[in-house]
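**Student:** So TrEMBL says this about it:
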ACT_SITE  Tyr140  active site, proton donor/acceptor
ACT_SITE  Lys168  active site, schiff-base intermediate with substrate
BINDING   Thr50  pyruvate binding site
SITE      Thr49  site 'Part of a proton relay during catalysis'
SITE      Tyr115  site 'Part of a proton relay during catalysis'
Amino acid sequence: MMNQRDLQGIYVPVITPFLPDGTLDTPSYRAHVKKLLAHGIQGLVVNGTTGESPTVSWEEVKALTEETRALIREQGTSVPIVVGTGTNDTAATVSRTEMAARLGADGVLVVVPYYSRPSQEGIIAHFRQVAQIGIPVIVYEIPARTGVRLTVDTARTILDIDGVIGMKDSSGGTELVTALTPLTDKPVLCGEDPCLFDALRAGAAGGMTASANVYTDSFCEAYRLAASGRLEDAGAAFARLLPLIRLLFQEPNPSPLKWLLARQGVIASDAVRLPLTPITGGLADALERLLSSHERS
Ligand SMILES: O=C(O)C1=N[C@H](C(=O)O)C[C@H](O)C1
């Protein structure tokens with residue numbers, strides 16, 4: 001199992017490849033994860049938003065987690081596997097978190113309960129119950145998706161719970177990480193890709209970065225530059241990645257990522273499950289132009 005010191009650097013929320021008929025494409029998943037592991041990432045997230053958690057069944061999460069563990073063993077590495085287990089039902093989240101622990105996950109990513117817009121007290125109680133299971137918990141704050149925003153006090157209270165080892169902050173700016181850094185020694189990872197550099201400067205310990213499914217080396221290098229204090233070089237490295245990041249979030253994640261990975265031949269198909277749809281022709285053209293400019297440089 002992981003601890004808070006492991007929560008730094010680039011964690012990649014892995015896409016879940018499907019075949020055109022919508023079934024799980026395990027060979028593509030293996031090929032993609034093997035590449036990610038070769039790039040010096042610090043961790044993998046299975047069943048994140050980028051892994052299409054709303055439409056992936058628990059049986060599939062189980063299969064993906066087992067594949068991931070086997071690949072890590074085969075490659076002789078020890079990067080932590082974090083499994084997304086959060087739902088908007090505390091009892092279901094507890095039960096999924098227990099199952100993730102039994103599967104050998106090193107930690108779980110638990111989103112703030114979405115849709116029902118619970119009170120701050122309800123959110124704190126949700127995390128207290130999940131943390132009791134004993135597997136390390138990473139809180140995932142993403143108000144644009146959940147419909148409710150954590151106050152700084154609530155975020156701090158949740159981070160103070162034993163068993164909560166850190167936070168993924170996708171709140172849309174650097175205010176939360178700036179406010180939390182002096183208040184807690186628990187790490188905050190940036191989950192808002194365009195803000196990654198600013199978040200690192202504000203005290204974030206790394207990023208859970210969907211975009212790092214592609215050009216993974218460049219993201220890891222940019223992080224290393226920032227972590228070693230070479231902020232000017234890091235800023236320049238992130239600036240080079242920004243046009244890619246913007247295109248990847250121009251339409252719903254992970255459709256653009258899947259298009260790019262299929263275009264690069266890493267996965268067999270860009271298929272996503274409804275209600276997600278493949279990217280538009282306009283975005284495909286823009287990504288094609290970006291790829292050609294990368295290939296020329
Ligand atoms: O799956 C994730 O974890 C992430 N999802 C975010 C989103 O889709 O909103 C983006 C972030 O890079 C990581």
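Each residue's number is its place along the chain shown, starting with 1.
A Cβ is built for glycine as well, from the same backbone N, Cα and C atoms used for every other residue.
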**Student:** Among the recorded positions Thr50, Tyr115, Lys168, report those whose Cα falls within 10 Å of that of Tyr140 (active site, proton donor/acceptor); none is a fine answer.
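**Tutor:** Qualifying among Thr50, Tyr115, Lys168: Lys168.
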**Student:** Fewest neighbouring Cβ atoms within 10 Å: which of the recorded positions Tyr115, Tyr140?
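**Tutor:** Minimum Cβ neighbour count within 10 Å, taken over the recorded positions Tyr115, Tyr140, occurs at Tyr115.
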**Student:** Near the residue listed as 'pyruvate binding site', which residues of its chain come within a Cβ-Cβ distance under 8 Å, counting only those 6 or more away in sequence?
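**Tutor:** Pro13, Val14, Ile15, Ala210, Asn213, Asn253, Pro254, Leu257 - these are the non-local Cβ neighbours of the residue listed as 'pyruvate binding site', listed in sequence order.
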**Student:** Would you kindly give the Cα-Cα distance separating Tyr115 (site 'Part of a proton relay during catalysis') and Thr49 (site 'Part of a proton relay during catalysis'), rounded to the nearest Å?
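**Tutor:** Checking the Cα atoms of Thr49 (site 'Part of a proton relay during catalysis') and Tyr115 (site 'Part of a proton relay during catalysis') gives a distance of 15 Å.
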**Student:** Of Thr49, Thr50, Tyr115, Tyr140, Lys168, listed as recorded positions, which ones have a Cβ less than 6 Å away from ligand 1?
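**Tutor:** Passing the 6 Å Cβ check against ligand 1: Thr49, Thr50.
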**Student:** Expressed to the nearest Å, what is the distance separating the residue listed as 'active site, schiff-base intermediate with substrate' and Tyr115 (site 'Part of a proton relay during catalysis') at their Cα atoms?
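**Tutor:** Cα-Cα, rounded: 19 Å.
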